[in-house]
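Asks: Encoded as structure tokens, here's the structure I'll be asking about.
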Amino acid sequence: MHIKPIIQGVVARSAHPYGCEQAVLQQIQYVKQANPIKSGPKRVLILGASSGFGLAARIALTFGGAQADTIGVSFERAPSETQTGSAGYYNNLFFKQHAEQAGRIAVNLEGDVFSVDMREQVIEAIETYFEGEVDLIIYSIASGMRRKPRSEKADPEFWRSAIKPIGEAVSGATLLLENDTWIETTLQPASEEEIEGTLRVMGGDDWENWIDTLINAESLAEGCKTIAFSYMGPDVTHPIYLDGTLGRAKIDLHQTSHALNLKLANFDGGAYAVVCKALVTKASVFIPGLSPYLLALYQVMKNKGTHEGCIEQMQRLFSDKLYGHSRIPLDSERLIRMDDWEMNPDTQVQVRERLQQMNASNFQQLGDYAGFKREFMQLNGFEFDQIDYSQSVDMHNFINKK
């Protein structure tokens, strides 16, 4: 099969297997030469392990000094004779291959992270591969929906997340990657049902359920930590993000971290929400109004030499903040701030200046659109110089592989 990029709006409909491997390899190469993680965790569970921060965390902990064994949970689309499947499928496959070559355990579990069945599979895997205990649980789920538990069965049977403002409509620009155009959009405010749905899918509810399940199964090691990822951003992004449905869910996540921290104190451990920097991920390109900010931010931070991708963020999180130090640096709300370089005052002044001038005719010049789009393409295995995209790919090498 000849695999070409297929983009509809901001969604990639194809993925290149060997390009995805290249993305994994580049992240492995980065962490091997970076400041190493000291006194890191040895047995790690990653819920949402196939892309973005979850995948980067898995790579950093395996290859960046901690030499961790990992169990990764994700929900990805497998390839067929006619379809390439999703990038996350190949990320999982190639991560496992390279981790095992390095002598590490890498277990991939495919399925619905919200389900009771997956909790049972994970506990069984912890018993089998980790002698019954984990040292770190990473919660990195970006999902559009969550099946309601049996106890709350109602119509409809799913909670659905909606990226919308709360209270009043918000206007902003979205970049359509399929034809490189700037589209002005207005988002109507969320209904109460949409606010509740987003809170249930993207908030701390399921994270807490997972930790409770693992405590009850006696699967937490002494000193066990758990983290989940959040974003806050500057004022310019607040109407659509922090003040909207996503922000409501993230604040719930922060509150959950405090409740879980009390529970993990019994294990001499801790729970933390990690506020990351704004990045191009499969999830972030969906957020209307965020793309122009990302373009300006990328341009300014690259000019200053402070730009980080997911892998740089995760390596710095584990080596500089979470492990190897007597105290974990927290802000006044007990959050770990990995957006510290993004929120640098001078950086934000320069970003705001660019944003005020940015429009449909100049966004490619004022912002780092080339870098933004290249990063998006590389999430799906495209635009790597090392890959010959004219070569046909034999999909039989990947169908039914685990």
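Just so you know, glycine gets a Cβ as well, placed from its N, Cα and C.
In case it's useful when we look at the structure, here is the feature table from Swiss-Prot:
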type: BINDING; residues: 48-53, 75-76, 112-113, 141-142, Lys250, 279-281; note: NAD(+) binding site
type: SITE; residues: Glu76; note: site 'Plays an important role in discriminating NADH against NADPH'
type: BINDING; residues: Tyr231; note: substrate binding site
type: ACT_SITE; residues: Tyr241; note: active site, proton donor
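Could you place the listed features in the three-dimensional structure?
Replies: In three-state terms derived from DSSP, Lys250 (NAD(+) binding site) belongs to a helical segment. Taking Cβ-Cβ distances under 8 Å and a sequence gap of 6 or more within the same chain, the neighbours of Lys250 (NAD(+) binding site) are Met202, Gly203, Ser230, Tyr231, Met232, Leu242, Ala273.
With a 10 A radius on its CB, Glu76 (site 'Plays an important role in discriminating NADH against NADPH') counts 20 other CB atoms from all the protein chains.
Under the three-state DSSP scheme, Tyr241 (active site, proton donor) falls in the coil class.
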Asks: Work through the recorded positions one by one (Phe75, Tyr231, Tyr241) and point out the residue whose CB has the fewest other CB atoms within 10 angstroms.
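Replies: Output over recorded positions Phe75, Tyr231, Tyr241: least Cβ neighbours within 10 Å is Phe75.
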Asks: Rounded to the nearest angstrom, how far is the Cα of Glu76 (site 'Plays an important role in discriminating NADH against NADPH') from the Cα of Ser50 (NAD(+) binding site)?
Replies: 8
Asks: Between Asp112 (NAD(+) binding site) and Glu76 (site 'Plays an important role in discriminating NADH against NADPH'), what C-alpha distance do you get in Å?
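Replies: About 10 Å separates the two Cα atoms.
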Asks: Sort out for me which one of Ile141, Val280 has the most neighbouring CB atoms within 10 A, since those are the binding-site residues we care about.
Replies: Val280
Asks: Name the secondary structure element type, per DSSP in three states, that contains Gly48 (NAD(+) binding site).
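Replies: Coil, per DSSP.
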